[in-house]
Amino acid sequence: MEEKQFSGILNGAVPGEPGKTDNNSRRGNWGNQIEFILTSVGYAVGLGNVWRFPYLCYRNGGGAFMFPYFIMLVFCGIPLFFLELSFGQFASQGCLGVWRISPMFKGVGYGMMVVSTYIGIYYNVVICIAFYYFFSSMTNLLPWTYCNNPWNTPTCNGVAVEVVNKTKRTSPSEEYWKHYVLKISDDIGNFGEVRLPILGCLAVSWVVVFLCLIRGVKSSGKVVYFTATFPYVVLTILFIRGITLEGAVTGIKYYLTPQWHKILDAKVWGDAASQIFYSLGCAWGGLITMASYNKFHNNCYRDSIIISITNCATSVYAGFVIFSILGFMAHHLNVDVSEVADHGPGLAFVAYPEALTLLPISPLWSLLFFFMLILLGLGTQFCLLETLVTAIVDEIGTDWIIRNKTVVTGGVAIVGFLLGVPLTTQAGIYWLLLMDNYAASFSLVIISCIMCICIMYVYGHKKYFKDVEMMLGFPPPIFFRVCWRFVSPIIISFILIFTVIQYKPITYNDYVYPGWSLAIGFLMAMSSVTCIPIYALYKISKSEGTTFLEVKSTGSLFRALSVFSVGSRRCSH
């Protein structure tokens, strides 16, 4: 009876009818579909595409790594991406509101909020450092070119002069990074002073993010026309410049040469699955949030394929850019490419800046590179902040807070800035890497697995497939139905097991993190996961139902939500 009544409400709401039943006048929608796709591309394509994927590819068999990488994309990445987009779009709610599907699992939404909070705090610190390097590049001579600066040590050995030395050296870019930009302390517990230039850049970063989100998706949707597309212009410029350099072919060969024997290594498959999972932004809450502003009958199936493939193609393309320059640098130093290849902050703020000093008009290339990093970071940061703001606004849901969403955005930005201040101290880089390694690691895998199981087995796969069919006008393809129910949860479990087995305590260069700091890292990781059982126990204690099945039946609230959402759209027209 419920099924007939539910579908009956939507009679006449056929996809393709212009302007009918599609808009949500209360929450707002994207201006057009291009804005959503560009925002989602900006969210998924981030710093990891530039500073993590090329290194993983090089380390795990070069061209051979592409095989497991694309296998994981097809069987895990795209299905999970489609699941989250369809979930958010159907409910027209953020990562908290969607859990009216099964209120007992609302802790999954709170877990996503915790993860997005952690990532949002340290991600903007990385952006602010890119701002710092961008401003520092506005000069005739890059300050990390030579070793004749007050912060340099006797072991400094530049590459911009004719130096070929097999002994251990520290580069001017490394000393600029450690001794001037960070003034890094000797221990994670030794905070030292706040680095005022970095603090100033952090304020600039948060102001930029706030201004771009001041009107929610109405303003950010316009900004992404630039922030999501211009990085590709810069990548292309750097690629053309890179492949014309001597030694570039050697670098690209290191990047792509297949080592087929490595395909039999479980670690390679684990790295491929993890990279797909993390780079697409699954379980952060951002995909659900962005999709919640879509029109109800938008074809999110098509969008998920476009965005996922664009993200992975960007990673591969960025590898050519990075390794062409690193090949040139290795040729200049007369060393192996493996000695200059790096990932993470080491690539972005040490290895690549050093290579740029070897190019004619090096400040120009440096400006372009760091501007690209800023835009890549901002695209992700927009969605992280919007995820938190949307969850808060949807949860409270009053007319006042919906009208004054800008105030909430400003409040979240101020809190994010204050929480990021410790990361601008002399020990800040230690804490940044600790958060990067633990705050969004295995916890994301657990959250995603529980979300998948809840939708398929608690709410019910048959009901969800009908919901998607009602929304799109066609049922999910059988491939996705099989992946959602069986394949993707198995792969997610594999990622979790692999992460645990391959766990190694974090280090930063030669610095070994003390036990107490690792304990804090694990607490950060568990803080998001523990939201799930804590909220479930709270909901059970407050529920009138005395058994799990009675509590489970409240999933019908999701249908009530959908009826209200679609009905309100009909009334608005």
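In case you wondered, yes, glycine gets a Cβ from its N, Cα and C as well.
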Disulphide partner cysteine [TrEMBL] for Cys156, chosen from Cys128, Cys147:
Cys147
What stretch of 108-135, 196-217, 276-293, 305-330, 406-432 shows the most Cβ pairs under 8 Å to the transmembrane segment (364-385)?
108-135
So, do the transmembrane segment (229-256) and the transmembrane segment (305-330) meet, by the test of 3 or more Cβ pairs under 8 Å (sequence gap 6 or more)?
yes
Beyond the flanks of the transmembrane segment (276-293) by at least 6 residues, Cβ under 8 Å:
24, 27-30, 36, 39-40, 43-44, 46, 48-49, 52-53, 69, 72-73, 76-77, 80-81, 84-89, 91-95, 97-98, 109, 112-113, 115-116, 119, 217, 300, 308, 311-312, 315, 380, 383-384, 386-387, 390-391, 440, 444-445, 447-448, 451, 492, 495
Can you grab the distance from Leu376 (Na(+) 1 binding site) over to Ala44 (Na(+) 2 binding site)? Cα atoms, rounded to a whole Å.
9
Roughly how many Å lie between the Cα atoms of Ala44 (Na(+) 2 binding site) and Asn311 (Na(+) 1 binding site), rounded to a whole value?
6
